[in-house]
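J.: Right, I'll just put the structure down here and ask away after.
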Amino acid sequence: MSRTIGSRVIFLILALFCCTENSRGKLVMQGSAGFFKGYRTLTSTKKHAYGQAFEDEIVPFKNSANDTVTSFSVTFFFAIAPEDKHKGAHGMAFVISPTRGITGASADQYLGIFNKANNGDSSNHVIAVELDINKDEEFGDINDNHVGININGMRSIKFAPAGYYDQEGQFKDLSLISGSLLRVTILYSQMEKQLNVTLSSPEEAYYPNKPLLSLNQDLSPYILENMYVGFSASTGSVRAMHYMLSWFVHGGVDVPNLDLGIPTFPPYPKEKSLVYRIVLVTSLALVLFVALVASALSIFFYRRHKKVKEVLEEWEIQCGPHRFAYKELFKATKGFKQLLGKGGFGQVFKGTLPGSDAEIAVKRISHDSKQGMQEFLAEISTIGRLRHQNLVRLQGYCRYKEELYLVYDFMPNGSLDKYLYHRANQEQLTWNQRFKIIKDIASALCYLHHEWVQVVIHRDIKPANVLIDHQMNARLGDFGLAKLYDQGYDPQTSRVAGTFWYIAPELIRSGRATTGTDVYAFGLFMLEVSCGRRLIERRTASDEVVLAEWTLKCWENGDILEAVNDGIRHEDNREQLELVLKLGVLCSHQAVAIRPDMSKVVQILGGDLQLPDNLLDIVKAEKVRMWSETSESVLGVLTSQGSIGTLTLTEPFTSRGR
């Protein structure tokens with residue numbers, strides 16, 4: 001039991017940070033660490049140099065009750081690209097240290113961890129897993145391509161050639177200096193007092209069952225209660241780029257299931273020859289002269305003829321979506337006269353692209369929008385690269401003077417909020433249409449949270465931001481509040497934004513949006529679509545009905561369908577409607593711990609998973625926070641159709657993830 005609780009405690013702390021930035025802090029870089037072509041590197045093009053990148057906050061490693069190191073797991077992705085394809089520099093290491101960064105460290109064979117004076121000193125309290133690409137006789141290295149476990153010094157107490165064991169148990173070599181992405185997993189078991197290290201290639205379809213290194217030793221004498229974690233690398237007479245893609249730390253010894261895209265890292269930069277430099281300088285001088293002449297002519301003609309000024313800045317080159325000319329949009333919208341509506345960030349106009357019959361919707365960001373540029377950048381950098389059938393497609397953008405424009409596919413049926421509530425002379429949505437809309441938006445959110453290369457938090461899920469196409473398919477739009485994150489990073493943001501009634505309570509308290517706050521808003525969205533009612537309905541001057549609370553009350557009274565509009569409730573849909581209402585209450589629960597993630601929501605709506613029998617007891621329980629700290633995830637109890645599980649009140653209804 002103490003091991004389980006200890007694992008939970010360290011999990012809750014360590015799960016808060018991953019990759020290079022997180023809610024608690026950042027990787028603090030020292031020495032030659034920096035960035036090259038958008039990738040974090042521990043070393044640059046300098047010889048005999050070292051670089052370090054350490055978390056800026058301490059990590060508790062020990063169970064205070066018995067002063068033993070608790071179980072933990074570390075997974076990180078790296079690549080090493082040396083200037084000589086056949087010869088490495090010195091290498092890199094994952095380091096657990098009592099200090100943030102290691103002062104007085106040396107480069108070359110010491111990997112930026114130790115120096116000649118303190119190498120092997122028992123007072124160091126340093127644990128390292130080295131990825132060594134240089135054979136140093138003084139440390140007993142077996143070759144120039146090996147992995148080792150080091151305690152307080154550079155002489156490895158456990159080592160092996162770099163490689164992995166395939167499914168048949170056969171050893172396969174891996175080159176640490178190939179320049180390709182490699183994965184290292186470090187697992188320590190408190191119970192078995194065993195440290196396992198596995199090296200593998202993310203390109204393989206399986207994860208090795210057998211570790212490369214296995215050290216049977218209690219780490220408690222060497223690791224203090226509070227430590228720092230990070231990475232270090234060094235160069236010698238040969239230089240190399242040591243790339244860090246991402247890293248993850250968790251409590252327990254389970255290997256996280258990580259599905260990342262595999263990038264191609266840039267090779268070591270080649271030095272230019274003297275002749276090349278002379279030609280380059282001469283060419284640049286000539287180009288500069290021509291540019292000056294051209295600029296003078298351009299200014300002259302600009303002042304005489306050009307009336308529309310469109311500035312193409314550096315950030316626009318990297319955004320991806322097509323840039324439209326202002327004149328093109330002006331003509332398409334007939335001078336911005338076909339107004340479709342007005343939202344929190346500007347007006348939306350209908351248009352038809354010149355030379356085609358393609359209809360578009362153009363959003364013009366208002367002049368008085370204080371965060372106009374910020375929201376504009378967020379939207380084009382996010383939705384412009386997303387491709388999903390239930391997301392509104394961004395065709396391109398335009399910037400004219402101080403005005404910002406976004407060009408979308410035109411949705412002829414407008415926004416969903418126009419169809420939800422009973423209005424005179426308006427056809428009501430059938431239950432089948434409502435259920436399909438719910439599943440469409442669930443699929444879109446699952447894509448944003450779990451299936452794209454980066455995690456996207458929408459932050460403003462509501463019927464007004466759901467558009468209906470000509471086939472009555474629902475598409476999620478308005479990414480003006482969206483936030484983008486690398487996979488594996490803690491997806492949180494510090495600015496409270498969104499529509500008030502859809503904002504989760506923890507977002508109001510902490511100001512940090514997560515995938516869980518999106519799930520909360522989606523739960524309310526499900527209730528609003530299913531019931532055909534607004535979230536807040538005023539029955540009398542002094543009587544307001546909160547839809548989520550009322551639905552739960554109807555459920556407690558034994559008839560959850562009482563919350564539904566009469567025209568919907570009387571359709572032949574009782575079981576399906578009851579499922580959606582219960583799932584909506586669950587997703588919009590005040591306690592983050594029992595909300596399912598969107599992948600589970602999609603499976604439940606599709607009939608692949610079922611809700612537990614005692615879900616009402618779980619929703620009503622008051623001690624959810626205590627469950628999340630002491631119990632296993634309840635989603636593991638969710639069973640396939642035909643085998644409904646029963647949950648106890650000591651299990652949280654979520655899995656710890658992004």
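Backbone N, Cα and C atoms are what each Cβ position is placed from, and that goes for glycine too.
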J.: Among the residues Asn66, Asn413, which does Swiss-Prot list with the feature N-linked glycosylation site?
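T.: The N-linked glycosylation site feature in Swiss-Prot corresponds to Asn66.
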J.: What's the CA-CA gap between Leu340 (ATP binding site) and Asp460 (active site, proton acceptor) in angstrom, rounded?
T.: 20
J.: Find, for the listed glycosylation sites Asn66, Asn196, the residue with the lowest Cβ contact count at a 10 Å cut-off, counting only other Cβ atoms.
T.: Asn66
J.: With H, G and I counted as helix, E and B as strand and the rest as coil, say where DSSP puts Leu340 (ATP binding site).
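T.: Where Leu340 (ATP binding site) sits, the three-state DSSP reduction gives strand.
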J.: Work out how many Å separate Lys342 (ATP binding site) and Asp460 (active site, proton acceptor) at their Cα atoms, rounded off.
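T.: Here the two Cα atoms are 16 Å apart.
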J.: Among the binding-site residues listed here, Leu340, Val348, whose Cβ has the fewest other Cβ atoms inside 10 Å?
T.: Leu340
J.: Hey, what's the Cβ neighbour count for Asp460 (active site, proton acceptor) at 10 Å?
T.: 23
